[in-house]
Amino acid sequence: MRLAAENLSGERGGETVFSGVSFALGQSETLLVTGPNGAGKSTLLRIIAGLLPVAKGHVAFSGGGEIFPDAGAACHYLGHLNGMKPALSIEENLVFWRDFLGEERLSPLEALEIVGLGEIAHLPFGYLSTGQRRRTAIARLLVSYRPVWLLDEPTAGLDRASEAQFAEVMRAHLSAGGIIVAATHLPLGLEGTQELKMGAGN
């Protein structure tokens, strides 16, 4: 599998926020997208996910077969918002996402055990702390398979132990041949990563 961008430009509110971005990632590779606020990191991830239009250039994904014919189909997107319904239990939220996304990988309870929330799977999402909410969103990555993970400040709200736990989750995804593109201000505990510095001439 291969994810690539060539001479990519992105806009926000009709204004160009970045231009000339190119990268290529193969299986088990990670790209860390860094730079100051407003440099276009989140916009880049949303364009790759197919949530925003490409202003110029193109994004290409290959090797996903009929199940994942393009980048949008191949991606899990974890944004600033966790994408959960407060009134539903943690497990019910993950059941919804598993059924909506398809390509089941782990059961909701298995995913919650991995992020350390198995014992409170019955609690409404709205009862959780900020860190627990983020860990639930991370568990969403595990209930349905996607080869590409797009992560926007994924460790926001996590304590040190949860950061280390998430690093193990990411390593497992990479070991299985997955690809990660992460916008972050903080180190993610991964080795051998590529870096794209936004706002540095783009």
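Glycine is no exception: its Cβ is also placed from the backbone N, Cα and C atoms.
DSSP assigns Asn37 (ATP binding site) to coil, not to a helix or a strand. The Cβ of Asn37 (ATP binding site) has 8 other Cβ atoms within 10 Å, all protein chains considered. Annotation source Swiss-Prot lists ATP binding site at Gly35, Pro36, Asn37, Gly38, Ala39, Gly40, Lys41, Ser42.
What Swiss-Prot lists as domain 'ABC transporter' is 3-200, and the listing cites sequence analysis.
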Same-chain, non-site residues whose Cβ lies within 8 A of the Gly35, Pro36, Asn37, Gly38, Ala39, Gly40, Lys41, Ser42 Cβ center for ATP are Val17, Ala183, Met198, Gly199
Other C-beta atoms within 10 angstroms of the C-beta of Ala39 (ATP binding site) total 19
Sequence-ordered list of residues in the chain of Ser42 (ATP binding site) that lie 6 or more positions away and have a Cβ within less than 8 Å of its Cβ, or none, is Gly79, His80, Asp152, Ala183
